[in-house]
Structure formats: C-alpha cells, structure tokens
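> If you scroll down you'll find the structure; I have some questions about it.
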There are 4 protein chains.
Amino acid sequence: MANSRFEYVKDFEQPDVLLPNTWIVVRIDGRGFHKLSDHYAFIKPNDRRALDLMNAAAVEVMKDLPDLCIAYGVSDEFSFVFHPTCQLFERRNAKLVTTIVSTFTAYYIHLWSTYFPSTPLQPPYLPSFDGRAVIYPTARILRDYMSWRQVDCHINNLYNTTFWTMVQQGGLTNTDAEQELKGTVSADKNEILFKRFGINYNNELEIYKKGSVLYRQDEDDYAQSEPKQSRSQQEKLKKLRRKAQVVVDHVDIIRDEFWERRPWILSGKPGKLPTTDSNDQKEAEK
Amino acid sequence: MANSRFEYVKDFEQPDVLLPNTWIVVRIDGRGFHKLSDHYAFIKPNDRRALDLMNAAAVEVMKDLPDLCIAYGVSDEFSFVFHPTCQLFERRNAKLVTTIVSTFTAYYIHLWSTYFPSTPLQPPYLPSFDGRAVIYPTARILRDYMSWRQVDCHINNLYNTTFWTMVQQGGLTNTDAEQELKGTVSADKNEILFKRFGINYNNELEIYKKGSVLYRQDEDDYAQSEPKQSRSQQEKLKKLRRKAQVVVDHVDIIRDEFWERRPWILSGKPGKLPTTDSNDQKEAEK
Amino acid sequence: MANSRFEYVKDFEQPDVLLPNTWIVVRIDGRGFHKLSDHYAFIKPNDRRALDLMNAAAVEVMKDLPDLCIAYGVSDEFSFVFHPTCQLFERRNAKLVTTIVSTFTAYYIHLWSTYFPSTPLQPPYLPSFDGRAVIYPTARILRDYMSWRQVDCHINNLYNTTFWTMVQQGGLTNTDAEQELKGTVSADKNEILFKRFGINYNNELEIYKKGSVLYRQDEDDYAQSEPKQSRSQQEKLKKLRRKAQVVVDHVDIIRDEFWERRPWILSGKPGKLPTTDSNDQKEAEK
Amino acid sequence: MANSRFEYVKDFEQPDVLLPNTWIVVRIDGRGFHKLSDHYAFIKPNDRRALDLMNAAAVEVMKDLPDLCIAYGVSDEFSFVFHPTCQLFERRNAKLVTTIVSTFTAYYIHLWSTYFPSTPLQPPYLPSFDGRAVIYPTARILRDYMSWRQVDCHINNLYNTTFWTMVQQGGLTNTDAEQELKGTVSADKNEILFKRFGINYNNELEIYKKGSVLYRQDEDDYAQSEPKQSRSQQEKLKKLRRKAQVVVDHVDIIRDEFWERRPWILSGKPGKLPTTDSNDQKEAEK
C-alpha cells in the first residue's frame, strides 16, 4: 500500500532555516510561573532551590547540545546561544528551539524532586516553558543582547528585593509597597534598603544580582583551527566541547573583561581558562 | 538604571504569525527514540505502555489547550490540530509549537513512572521531543494530512508486525527478516503472517493498526454561533471545550464517516456525540 | 578559474515559496502618483487617459502571464490574481511580484505616449510602481479581498467626485471643500452633487464608479479536466488561456452574479462566456 | 458606506521586514534576455550600447534611492546594496525590491531610444527584470558577494570572448566552438585567443572584463557622525548622498584596495575621493 496519494501534504511544510553566519539565541520562559510559584510556595524575592533547578536543567541542555557556546539565566528564563558557525539541524529554527525547550523541560521535571524534595509536582500544575529563536548578525550585538538580559536581572532584582523587604520585614501591604516604589530610581531603593532595614544591596548573593552564566571550560589549549574547518575538524571540536566542563558563574557579562578572558566563547573554539583568576571569578566562588 | 541602551536588540525579534484562517498542525516527534526504546527495553513491535503514556500526555495537552480540536498519535509522534479560527497566542508559530512540545514533555516525564513503574528514568536518557507547525488552507487538505499519518501508521505497523514475528517467533536474524521483506507488498506480508505464523493481521489491536485519535465530546448541543463570533461567544465556546471530555479512539479517520458523525471537529464548534454508534466506534470499544 | 571560494554567499538566499493551494494576489501601487499626477496635469477627479493606460498595461501583464485568472484596477493600483493551482516560478514570492511589477512598468512607460501624446515623460518624473504578494486560503476570502478594493473604489470616487465638483464648479477652495465634507456619509455627498450641481452620481461612468476588472474569455467550452492535472493537460490549459481574449469590464464584483456567470475564473479552467448577457455586462458596454 | 466588513482581508498581509543591521543586496536580472538580445540583434559577445543602457538606468536608481551605497552590474544583471543602517521603507523586503525593479525598468525603457536610436522597442518584446533581496550579516561577506559577481563576470567574459572570436573570426560553428572549449581552463582560452587570433585578452575593455561598479563620490569631508545618528543627522547624510555624484567605474573590487581607498562605501558615511589616484582608477579613465 503506497502512501503517495496523501504525500502531497508534505509540500505545505515551509523551510525555516536561520540566516547563516549569525548568532542564534534561543530564549525560553516559564509559562505562568507567577501562579506556579504561588502554588508551590516559592520563597520571595528569590528561591534559591528554583534557581538552582533552572541552572541544573540548563547545564544538561548545554551538555546535550555541544554546539551551544554560552547560556544566561535569570528568574524563570534562560537564553542559549549558538555560534555563527553552528550547523546543528541545518540551522532549522523549529528544530533548534523545540529541542532546547523539550530537553530543558524534561530535566526540570525530572530534577524537581531533587531540589524540592518535600513538594511533589501536582498536575495540572506542571512547569512548562515556551521559547523562540532570534538571530544577531555580530558579536557586538550578541553581547548587547546578553547585557540587556543582565541589566534586566539587576533592575528586577533590586526592585523585588526592596519590595519584599518592605513587605516581609517592614510589614507593608503589597499595594503600599508598590505605591511607595513607584517612580523611584536605583539610588532610592538602595537607600530604603540601607536606611530602613540596614541592608547593603551589594552584599546580596551574586546569583541574585547577576543571574547565572554558563559556559564551557576546556582542559586543552586553544585549537589552531582555520576559519573554514573541515568536517573532521568540526567533529574534533564537537568532541572537545562535549567533554568540556560546563561552568555556572555569577559574574558581570556587560563589561569586556568577562569576554576577553574567555576568548573561546565568542571565537567558537575550545580553550582553557587562563591561569590567573579575575576578581569576578573569585566572587563567583564564594 | 534604565535599560534603554541595550533594548534595541528587541528589534531583531522577527514576527512569526501564521496565516489567518488556516488549519495549524503541530507535529511532535520523539528525539532519538530508537536508542531510547532500546535503553528502556520497549517491547517490539509495539509497547502498549509507551503508547498509553504518549496518549496520556497528549490528553493533558488537549486539556491544557482548549483551542485544539483534534490530535492523532502513532508510535513516538503526535499531531495536534488548531482550527482556522484559533487566535491562541495571536497564532505565533514559536509560541504555539513550544507550548505544545513543553507541555507534552512535562507530562511524559511526570507520568513515566505510572506507565513504567519498574523502569526509572536514567539521565542522560531522558525522553524529549521536537516539533514544528504546518498550516493547511482547507479542511480537505487537513483531512489528507490526517490520512497521510494514518496510512503511514498502517504501513509501518504491518511491516513491523511481520518483521518482529519473523524474528521473535520465526527465529530469523534481523538481517534475514529485513532481506526477505524487501520488495514485498501488503498482501505478501499478510500471507507471511497467516501462512507461517497463523496470525490474522486484522485481529491485531486497533491501537496498533489505526493509531490514536483524540477529540472532545461535549454534553451540550451544537452552539448556533455566527461565523464572526464576538469575544464573549468565543470565551463561552472555550469554556465548553475546556469541560468537554477528551476521547481517545482508535478508528479509521480516512473515510468520511468519522468526520460526518462528529461535525463539531471540523466546524470548530462544540457538539455532542450522535446517539447511534458507528461500526468503527464499536471496534474502538473492543 | 573556479568561483568556488565565493560561492558560499549563495547560501544566504532564503526560500520564499508561497504556501501551496492558496490564492496569490499581487497588488501594485503607483509610487508618488500624487506628485506625479500634478506634474503631468492629470484631470481631476478622474483622468480617463491615465486609467486607460493603467488598463492597457494590465492587459499586457495578463497576456504575458497566462497563469493570472483575474485582475482589478482602480486609480493607480492594480491587483493581479493567481489561482491556487498556479505553479509559475514554483510560486516564489519575489519572482512573481517583481515580474508583474517590471512588466507592468515596462508597458506603462512604453505606452505612455499613446495615451498622453502631447505630454512627454520627463525624468526624474518617471512613473514607477511598488508591489507585494498576499495569499488567501479560500475563494470566499479572495472574493472579500476583491470586494474590499471595489468598495474602496466607490468610497474614494464618490468623495473625489463631490470634492472636485465643489472646487471646480462650486468655486470652493480645497480647504473649504474638505472641511464641508468632513463627517459626511454617502447620502450627504449624493445630495450635494444632485441639489447643488444637478449631478446624479449614478450617471457617472462605470469605469470611475466600479473600477476595472480584467479576465479571460475563451472561445472554447469548459475543459473537463480532473482536479489533478497532468503536465500535458496543464500545458494545454495554459495554451488556451494564452489565446483567450482579455476582457476589460467595469461591473459589480461584490455580488455573486459576476462570479456565477463566469465560473472559469474561480475554477481556474478556461471557459466561454454564457450566451445571454447580464445587466452589468450591458452597462459595461455603454 | 463603511468598508469594515471586508477590511479583515488586510490581516493576511504578512510582515517582511529584513533583519536589522545587515547588508541588503537587491539583485535584478533581465527576463528572457537571451531571446531579447537575439530579437534586437545585440552585438556578441558584448554590446556596448546595452551595457551603457544598463549603467544609465542603474545610475538613475542610485540617484532616486540615496540609501544605496554601491551597485555592481554585469551583462543583464545588477546588484544594488543598502547599508546595514538603512531604514528605507522600514526595511520591508517587497517594498525595497519592487521599487528598485520598477525604477530600473522605467529608466531602461525610457532611455532605450537614446542607446538604440535605430532599433525601436517592439511589444511583446519589451525588456523586463525580476529581482530579489538577500541579506548579509557582515561587510566581509558582502565583499565576498561582490567578488562572486565579479569573478563570474570574468569567467563568463573570457568564455564568451573566446567562443565568439572562434565563431566570428575563426569561422567555427557554434557547436564546434562549444565542443572545443569544453573542459578548457582560463590559460587555454587565453592561448586560443592569442595564438590563433593575436588577441591579448588583457587588452579587452575594462567594462567587459571587470563589469561596472557604481558608487557616490562626495565633495564634502567625512562626516564625523556618531554610530547612533539622530534623525536630523540622518536627514543631513541623506541630503549629502543625494547631491553626491554617482561614479561608474570598471575596476577590481575583489582586492582590498578599492574598499580601502573609498572607506565611505562600507562605513555608510559620505566622503570625498582621496587626492592621489590608484592604478585601477586610471584604468577606469581610459
């Protein structure tokens, strides 16, 4: 029995290959996590278990897809970055995005009980994520994208930290705290925290203030590879990336230092960490 | 601290709204399920537990997204269908696809232990799915799409049933069975099954031969709604769909009968099942 | 000397095939025709020469592209319609649109002196057109598109006729006429024309009130062709369409009558005009 | 009379904005120019009048669209390049492509009689062009695109020159010449020309060997403009570009020299030509 009579329906599948030689960012977001975090009583403003679970799932995605060169997470969102030379799934948009979304979801659900041992998942309150791909033509713009997310992390965390301190320690209602914070700038919030509650925002955990950046750290030296790599070279690089350790860091990715010290991230080539550690490195190790 | 300096990166997000008034099919596929089914020792040619798990996850997707009007599953793939009038997520491609993929994955992982109680999931062998959306301009072509998948189910199941019977009961090696089946047509395979092993393919389970079709069955009468529905009418319909029962059926969806007896599926309006059952209905109840 | 080193740049060309089995409308618009019509002193509100030139160019486009089944023009815009079965240029968007835009422009420029014998073209005031393709999934929606353009024609023509009569015959300034027409409905404009200037709008030329509809009229009977046509049948149909006469009509295309009497337009098959003429046909012949 | 009932058809128009910060190349090609050049008896292998007409039309396109920063033409094709900062028509694909195709066609038809005074255009043999846009993420890749076209020009021109010399001067039939050239490399063709016909290919006209490159040459100094230009600065730049002279050159654009000496082309800023001329400049002036 042939299937030819109906096979014409395949012609309706439209190509969705992403422009070559561009950075691919797949950003995923928790669906309805506001309601979900209430249901599972996430700690406000930051639930360390929830963030660690996000990072653990993201690390598995990085390990599953060696083509990924960096990822950045904050709150219930994560951005995964493919290098311009990436040819995974022939750069098909839907394939790249759904693979990341599904792999992330699978690990998030599977690892849930590790991070929330006394809070079992209760359908229909199952966490899930949506996602999308965006392409960026240059490394400069990719870095601006990463900076955009980290600035957002800072703005939101400063607001949330102040808001929840006013509510939890100051006894304000949500509405009153919201009202008082309306129109304030960073300096105002820092002052509220310090003057009223003796909290120095700078002493908050780096993971809350900076979010989480994931990348590979190789044991091997920089590969001296040509721009046009042969297939066997690409396979070799893939292998190196696969066995590289995925690091979870909480550091500034806006300034140049982070990128200059880890040139293999933007170059798309494997490389090992320079021997002397930067300050933000040390902070990350606290 | 304003985020405006970096916010221009949002301009790189490109719209992906699907053409209005077309059927949207989101088909998801298991990633690397060949290896996975080996790892978890799925029964060949069909593992009833695995199919029931697929269907259970798909039912939850249908319940989570009342806009879905029908779904069809076979092996490790599932096709979910949105009606041309669907406005969910403003018909954004990535949003629709990733929501389905993620929700399906979440339930598949979460429900795994129910269907495989003695086979715990072992990372990195976590099941995951990729997916894509395809649009079809008319109900006729949508039905041809559904027929295409069901014919594929039949072709594959007849092949797999014959192949594994030759191996498991006939003692052939995989290579020998493959070799012997090369070039055979349906009638040949039916004959091998019957003459050599006394198996009448027609007596195989409907779920294996026909796959699984999921749709809603409402208690209420057809809504007499205008083609241009007001928002409140749409909300009412959504509510009706939400409380409708999701049926899992294993019936012929190629011939007209299935569709004619359940006109609400193609009309996109809620409706209750006619009182007299068709033959394929009865088959499904065996 | 091989060109292989640079040929990778071809990979950046992205596919733009239009969804199969949908109606393709290519609408072109005059660029800066407001300024242009001033420069060449087009008669207001309607310059018959300019409309005839538009129609003449459109007829040549129809003759050049036998796949086109109907076209509709008003003012400095024209909509060209390809049937859902059209396979021209593999339905590549840019190819279809630019071919129509360029062919139309070529004839418009070339035929200019025929319609404006005493007004030579003066660079940089050369007429040019932009265009775009839109796809519609059903004949019903295509007809609504055509109706949309014809209603627009009516609305604009009634306004322009009233406005220019008030200016040209009534001696009002542009601003005063504009001011007085603000907020008026059709009945008001009809009354202004009739009471103040003795003009019955119904007696205006059909080409101004209805725009221009172009289609083929075949000498041969309807082809009894199967929905799935063989290549040779398609070639035969193309030939028939090529030798068919392109008719320029000024009739109502909103009501069913036009379409019911010319079933070959929506069916995509050639056909000859029924023997008895409808009223709108006769109007067209005035 | 409102038009609202049909206006929903506008929802079917899909956005086609090109990715920001990328180079946009619109390449147009003559439709059926093989037949056309026979019909109008173009001189083989190169008809200087036809090339000059192409260039004249392209110059007008450059003048009409000051956003264009460079163009390259060979045979019956022309590539027009917009800078990554270009915001013309909000970077809408169809708008950019059709505007260029239509403007080019208009001038080509209008100027025909200037370049072919004794060969009037004869419908249906009217020249027309199709076109498409391709985006390139970096200046390096854009240059590789330009190199690709110029290498193609060289390959084709060497072949055509040899082929037509063998036919016109050597008395070979087309088939015999084609047969003899099969499998030859550049050196072979150079030798045939030189040994058999005493022709030194290097002495052929630059316009035939190198094609035509069009760019602006400003009288003013480089503008010291910020990367993020205000609207008024952009307007000022546009004005400068508008009054700049469009140069038609026949020079090597593969090596760095061309680009290094005219930095304003890739920078997207206006600039005047350096005082000392390069060799390829002088060649161009022959």
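Glycine residues also receive a Cβ, built from the backbone N, Cα and C atoms like all the rest.
A TrEMBL annotation is a machine prediction, not a hand-curated record.
Per TrEMBL, domain 'tRNAHis guanylyltransferase catalytic' is recorded for C:6-137. Residues or ranges marked as Mg(2+) 1 binding site in TrEMBL: C:D29, C:G30, C:D76. The annotation Mg(2+) 2 binding site is assigned in TrEMBL to C:D29, C:D76. Sequence annotations record features per position, and here TrEMBL assigns GTP binding site to C:D29, C:G30, C:R31, C:G32, C:F33, C:H34, C:S75, C:D76. The feature domain 'Thg1 C-terminal' is assigned by TrEMBL to C:141-255. The region 'Disordered' annotation in TrEMBL covers C:266-286.
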> Would you mind giving the whole-number mean pLDDT across the domain 'Thg1 C-terminal' (C:141-255)?
89
> Name, in order along the sequence, the binding-site residues among C:G30, C:R31, C:F33, C:D76 with a Cβ closer than 8 Å to any chain D Cβ.
C:R31
> Name, in the order they occur in the sequence, the residues of the same chain whose CB lies under 8 A from the CB of C:S75 (GTP binding site) and which sit 6 or more residues away.
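Residues satisfying the criterion: C:G30, C:F33, C:C153, C:N156.
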> In the same chain, outside C:D29, C:G30, C:D76, whose C-beta lies within 8 angstroms of the Cβ mean position for the Mg(2+) 1 site?
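What remains near the Cβ centre is C:I28, C:R31, C:F33, C:S75, C:E77, C:F129.
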> Between the binding-site residues C:G30, C:G32, where is the Cβ count within 10 Å the lowest?
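C:G32, out of the binding-site residues C:G30, C:G32, has the fewest neighbouring Cβ atoms within 10 Å.
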> Determine, from DSSP, whether C:G32 (GTP binding site) sits in helix, strand or coil.
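Once the DSSP labels are grouped into three classes, C:G32 (GTP binding site) ends up as coil.
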> Please list, for the domain 'Thg1 C-terminal' (C:141-255), how many residues fall into helix, strand and coil according to DSSP.
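Final tally across the stretch: 69 helix, 11 strand, 35 coil.
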> Tally every other Cβ atom lying within 10 Å of the Cβ atom of C:D76 (Mg(2+) 1 binding site).
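Around the Cβ of C:D76 (Mg(2+) 1 binding site), 20 other Cβ atoms lie within 10 Å.
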> What does DSSP give as the helix, strand and coil breakdown of the domain 'tRNAHis guanylyltransferase catalytic' (C:6-137)?
57 helix, 31 strand, 44 coil
> Taking the Cβ of each of the binding-site residues and counting other Cβ atoms inside 10 Å, which one has the highest number: C:R31, C:H34?
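Output for this query is C:R31.
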> State the Cα to Cα distance, in Å, between C:G32 (GTP binding site) and C:D76 (Mg(2+) 1 binding site), rounded to an integer.
10
> Let me know how many other Cβ atoms fall within 10 Å of the Cβ of C:F33 (GTP binding site).
19
> Please work out the number of neighbouring Cβ atoms within 10 Å of the Cβ of C:D29 (Mg(2+) 1 binding site), leaving out its own Cβ.
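The answer is 17 other Cβ atoms.
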